[in-house]
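S.K.: These came from Swiss-Prot, pasted as-is:
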- 1-10: compositional bias 'Basic and acidic residues' (COMPBIAS)
- 1-24: region 'Disordered' (REGION)
- Asp92: active site, nucleophile (ACT_SITE)
- 192-354: domain 'TRUD' (DOMAIN)
- 217-240: region 'Disordered' (REGION)
Amino acid sequence: MTVQVQDHDITTAADTAKLPQPMQPPLKQATYKTHTTDFIVNELLPLEFTGEGEHLWLHIQKSGMNTAYLAKLLSEWAEIPLRDVGFSGLKDRHALTTQWFSLRIPKKQLPDSEFAPVDISANESVTILEQQWHNKKLNRGTHRANQFIITLRDIEFASFEASLSLQISASEQPMSAKQAVEQHLTTISQSGVPNYFGPQRFGRSGNNIREALSLFARPVPESRPQPNKGKRKRVPREQNSMELSAARSLIFNEILAARVRDGSWNTGLAGEVFNLDGSGSIFASDEIDHTLRARLETGDIHPTAVLWGTSNEKVSGKAAAMETDIVAQSPLLMQLAVGLEQRDIKAQRRALRLPIEALSWEWEDKEDGQILVLNFTLTTGSFATSVLASLVQELITSSYSRS
């Protein structure tokens, strides 16, 4: 019998601010996204263009609109099908972002007018920074990383006791609140942070999880026979990708939270599946030996957890038992897991640890108080909010980005 999941349970589970951290965040409170330029995202896509071909690549800076909407505007301008517009990743609407788009334009017949959409609001802007011809379309997931420049305002430091916890020894002079923040930043630049999925994955108050439960309550669509072939074709999942991703992400976050609580998120367990840093390569190990410990300490490899689905055979031992136990103890997670399996979603692995590249920071004194500007790079598929959550106990989103 299926246990009824309470609406409050969904809201609570989707609240990423309540997820545990390995260290006490040194900032009690801060506000971000007060202005568009407080959250800057630059897509890092090293590429040598051929200078020829039928794909026009545009390097675009935008704000106030999401990536999918801009792709639609570009297709209308070029008078091409939306499927002929390519981009690598989705960028935040409430940010100043730069990313590449590709437009398949046969015979290089460009529109008569420059791209300058007129039906956009005062809060929306689009600027073409560069254009190149290339012989290939830009496919999803092509870029390797994103650079973030994030400004935190209205900063309130954590208690003096929390600052003391970051001292190296009791004999040292007590740290100032600002020094405690800088020590924390230095530490996470070396050790990384828990690789949680961010709140945007779950929608407002967890609505994407509610949509997933609604989807899983419906009959599973039957596969259709392919003409002249013995195989059966699965029903496309693109239309439900948001719900499926939210379900897998919530299960992953809960497993990672348990690993943070027991301290194994960056050390591994028996039967662990490891991810090779900077790649999609994984390998399993029955035990954690000296060599693996050394590689974990240097950040060469990372422990992983499951993105739930079928065929999850690689993990074993204590690591496997922990994953299944966490799901079994929660009616919400159980319903999500069963729904994913019934739709034949194949299990994948995701690193538990998120390395932070090129982390730097700068303090600025303003009339209304100090602000902290962070500059760092994260691999594709990770969330800047995971870095902010490790630093700030209560991160307040400005009313600008909630509009």
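Including glycine, each Cβ sits where the backbone N, Cα and C put it.
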S.K.: On the 0 to 100 scale, where does the mean pLDDT of the domain 'TRUD' (192-354) fall?
M.R.: 91
S.K.: Write out the long-range same-chain contacts of the residue listed as 'active site, nucleophile', meaning residues 6 or more apart in sequence whose Cβ is under 8 Å from its Cβ.
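M.R.: Long-range Cβ contacts: Phe39, Val41, Asn66, Gln200.
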S.K.: In the region 'Disordered' (1-24), how many residues does DSSP put in helix, strand and coil?
M.R.: 10 helix, 0 strand, 14 coil
